[in-house]
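Student: Please find one structure pasted underneath; my questions will follow.
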Amino acid sequence: MSADSGHPMTASQVLGSNLQDEKELNETDPVPNGQVVHFSCEYGYNVQGPTNLRCWLGEWAVTSMPECVAAPCELPLLHGATYEAGYRAGLTVAHASSVNIACEPGRSPPATLNCHLGRLQPTVHDFCRPLANLTRPRPTSEYQSGSDIVREDISELEPDIDATTNTDCGPPARNPQEVRVQGTLIYRDGAEVNSSLGVEGYPHGTEITFRCIASIMGEKTTWKLICEQGNWVGKSFNCEELEAQNEELMNNNSCTFENDEPNVVAFYNDMQITEVVDFPAGAMITSRCSDIGKYSMSGSQTRKCIGGAWDGVKPTCVGLNQQMDYAMEKKPTILFRHSQGPIAQTNDGKLLVYPGTVLHMECLWMRRFGNPKWNVTHNNPDSDRKYIEGWTTDPGRDSALEYRLSIINAEKEDSGIYRCETPARQSHQVEIIVEDVHCPPLPIRRGLVASGLGTRLGTEIRFHCANGNALLGAHTLVCRASGNWSAPLPVCESVECGEVVHDTPLGEGERRPRVAVVSRGVGGRAAFSCAPGWALRGAPETVCLPAADWAKPFPVCREVSCPALPPPASGYVLGRAPYRAGDVLQFHCNPEHTLHGRPILVCQDSGRWSDKPPTCAQACTYPGTTISGRMSSVKFYYKIGETITFTCEPGYRLKGAPMLRCLKNRKWSNAIPLCTPNSNFTSSDSVAMFNGDIDAMLSDEPADILRTRESPAILSPESYKAAVTRAAVSRLLRRGPIENFRNRVFRVNRLLRRDTER
């Protein structure tokens with residue numbers, strides 16, 4: 001990421017409240033709304049401006065963007081040399097600046113120090129060296145401004161000094177005349193000493209420890225200086241500098257805002273705050289009650305983020321007498337009713353009225369306790385506007401509760417404070433501003449269709465796209481009391497979602513579903529499905545969102561299994577768990593038991609069995625059948641209480657009980673009945689018919705042929721009559737001349753009548 005100055009800058013997104021939980025961002029990485037981004041510069045550059053920025057509704061919540069500027073250089077303490085032109089140790093010089101160095105007698109060469117990206121060149125080892133040892137190699141190490149001095153061989157720092165010779169150090173102060181380190185506790189070789197350090201020398205190896213008294217942050221800072229051959233090695237700051245740094249650091253802390261007070265609304269840069277948000281240092285929020293006529297606010301209306309906390313008093317809103325059953329000791333509620341123009345509440349709790357509007361303000365007070373009073377203080381002392389007030393008489397209003405003041409055709413001179421005071425000396429006031437508020441005209445964008453072109457206060461404009469593209473942004477804009485639209489103008493863009501990338505972690509027994517993309521445009525769908533034996537867990541489809549992402553979460557496929565079923569009482573099951581989709585479970589009953597329900601169940605894709613498990617009950621076995629008879633039902637087993645009936649074929653009669661019942665002891669109520677032949681049809685007619693004696697058959701004389709001839713087979717009544725009739729008619733019509741035809745027909749008719757009578 002690059003700053004406006006063109007110098008390299010890096011940004012990291014803060015993932016939590018701890019700045020250590022960061023991840024580095026690229027230039028194209030999106031930053032979610034409300035997220036904090038921490039900016040830092042590369043080596044040799046310092047951040048100028050805020051280091052923490054918050055993304056808020058598509059914009060950065062800062063007054064200016066940070067820049068990376070070249071780091072300055074701090075002038076170090078010199079030995080055997082002095083700064084020219086009034087420079088001294090501890091001062092800082094800007095990047096690309098230079099400072100001239102003059103050497104003390106016996107040292108050479110002089111030099112010019114150049115500041116480049118926080119580093120001085122040449123180093124302190126490259127100039128003002130003793131003349132006796134100029135040819136001795138110099139150390140190769142360099143020191144960056146602000147870094148700690150590392151102890152090295154003193155013979156390299158001062159080549160002409162014997163390493164075995166120890167040199168004392170003077171007082172550890174920036175200025176030789178400044179021997180007192182303000183606001184510190186000082187320890188010499190572990191023992192506490194007075195806050196003033198003496199001017200006597202400190203032997204080589206002396207260790208001085210400074211411990212600052214607790215700062216405004218409640219912390220103590222400690223650092224050490226060690227005497228090394230006449231020089232103090234380390235880095236020291238006085239307590240005032242440290243406290244100033246701590247205070248500056250604290251003042252740059254962000255503040256977290258959470259609106260947990262009921263009936264309080266808060267705004268930042270004309271945007272209502274509806275969630276927990278972190279704001280940068282210096283941010284200001286404005287609060288008011290959700291309805292300035294029904295609630296009274298106490299606390300600070302405007303609060304600023306200072307030192308990681310909000311200044312002022314946290315605001316609260318208390319309900320007025322309407323919420324307290326119109327108690328006399330409560331402030332009166334004021335209701336607003338308007339026509340012929342809009343009204344709106346400002347962010348700081350005022351009522352904005354558009355010129356020409358008719359506004360009725362109704363002070364709620366029980367009429368039987370007296371009349372309240374309206375007091376008006378105009379912003380313009382010269383205003384002579386008068387108002388009608390009294391108990392309301394409008395239809396549908398409560399004339400015993402609403403004491404009204406009306407502003408007819410509001411004008412700028414009506415601006416002021418309107419206070420309703422009750423006979424109980426309780427009052428509530430509203431500040432009214434009459435102003436012609438218009439929002440900026442909305443620009444025309446290709447493909448974007450607006451419901452109107454109005455810009456007046458309270459105007460609501462709805463948008464849609466005419467070219468089939470997706471609407472990115474707010475679908476509705478409202479002109480607010482501040483003269484700003486409630487959201488940026490939306491745009492119409494052609495948005496398509498890419499492939500559905502199912503990156504959801506899978507659990508045990510899960511797999512990713514198959515995806516079929518129906519359409520990729522905004523609102524398009526992609527359907528999910530699973531292989532046989534697997535069931536979809538989750539939404540069966542996803543939708544393409546305006547941000548060109550598929551709606552999540554995505555479903556997963558889980559292997560289908562049905563629960564094991566216990567065998568029925570007096571029965572058993574054929575099948576072995578686990579039961580997957582398509583597996584079959586067979587139920588059987590023990591002997592002398594019958595199955596109630598389906599004997600075979602199938603495990604379905606839903607993880608459920610195809611039916612309820614059957615049961616086994618006691619039963620009677622098949623009782624058997626009878627010759628020449630029929631049963632009403634034939635089964636292996638019969639339920640307790642079930643009945644069967646018997647009937648005989650034609651020509652037979654039933655002997656025994658026609659109905660049998662299965663008893664509780666699994667026995668039948670009776671024995672099986674028998675079918676016996678009916679003897680009425682064993683006659684000379686049947687004998688004659690089967691022996692071909694048609695004359696004997698047609699004779700009216702009784703004949704007992706059974707005594708002399710073999711008994712024929714027994715025929716049923718229907719088959720017997722049909723056989724007799726066919727044989728008699730056939731033989732009768734074929735016998736004799738034609739003249740006897742009438743007599744024979746007469747005999748046939750008599751024969752048929754006789755058979756019918758039988």
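Glycine residues also receive a Cβ, built from the backbone N, Cα and C atoms like all the rest.
These figures come from a predicted structure and were not determined experimentally.
Heads up, here are the entries from TrEMBL:
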type     : residues  : note
DOMAIN   : 17-70     : domain 'Sushi'
DISULFID : C41-C68   : disulfide bond
DOMAIN   : 253-319   : domain 'Sushi'
DOMAIN   : 437-494   : domain 'Sushi'
DISULFID : C465-C492 : disulfide bond
DOMAIN   : 495-559   : domain 'Sushi'
DISULFID : C530-C557 : disulfide bond
DOMAIN   : 560-616   : domain 'Sushi'
DISULFID : C589-C616 : disulfide bond
DOMAIN   : 618-677   : domain 'Sushi'
DISULFID : C648-C675 : disulfide bond
Student: Nearest to C465 (disulfide bond) by Cα distance: which of the disulfide-bonded residues C41, C648, C675 is it?
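Tutor: Checking each of C41, C648, C675 against C465 (disulfide bond), the shortest Cα distance is to C41.
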Student: How many whole Å apart are the CA atoms of C616 (disulfide bond) and C530 (disulfide bond)?
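Tutor: If we compare the Cα positions of C616 (disulfide bond) and C530 (disulfide bond), the gap is 38 Å.
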Student: Taking the disulfide-bonded residues one at a time (C68, C465), which has its Cβ surrounded by the most other Cβ atoms within 10 Å?
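Tutor: When each Cβ's neighbours within 10 Å are tallied, C68 leads.
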Student: C-alpha of C648 (disulfide bond) to C-alpha of C68 (disulfide bond): distance in Å?
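Tutor: Rounded to a whole number, the Cα-Cα distance is 114 Å.
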Student: How many whole Å apart are the CA atoms of C557 (disulfide bond) and C492 (disulfide bond)?
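Tutor: Cα-Cα distance, C557 (disulfide bond) to C492 (disulfide bond): 37 Å.
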Student: Including all protein chains shown, what's the count of other C-beta atoms within 10 A of the C-beta of C557 (disulfide bond)?
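Tutor: Total other Cβ atoms inside 10 Å, all chains included: 22.
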Student: Check the domain 'Sushi' (17-70) for me and report the mean pLDDT.
Tutor: 77
Student: Looking only at DSSP and grouping its letters into three states, which state does C530 (disulfide bond) belong to?
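Tutor: Reduced to three states, the DSSP call for C530 (disulfide bond) is coil.
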Student: Rounded to a whole number, how many Å is the Cα of C41 (disulfide bond) away from the Cα of C589 (disulfide bond)?
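Tutor: Cα of C41 (disulfide bond) to Cα of C589 (disulfide bond) measures 83 Å after rounding.
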Student: Under 8 Å Cβ-Cβ from C675 (disulfide bond), six or more apart in the same chain: what's there?
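Tutor: Once residues fewer than 6 apart are set aside, C675 (disulfide bond) is near T626, I627, S628, G629, C648, E649, Y652, R653, L654, K655.
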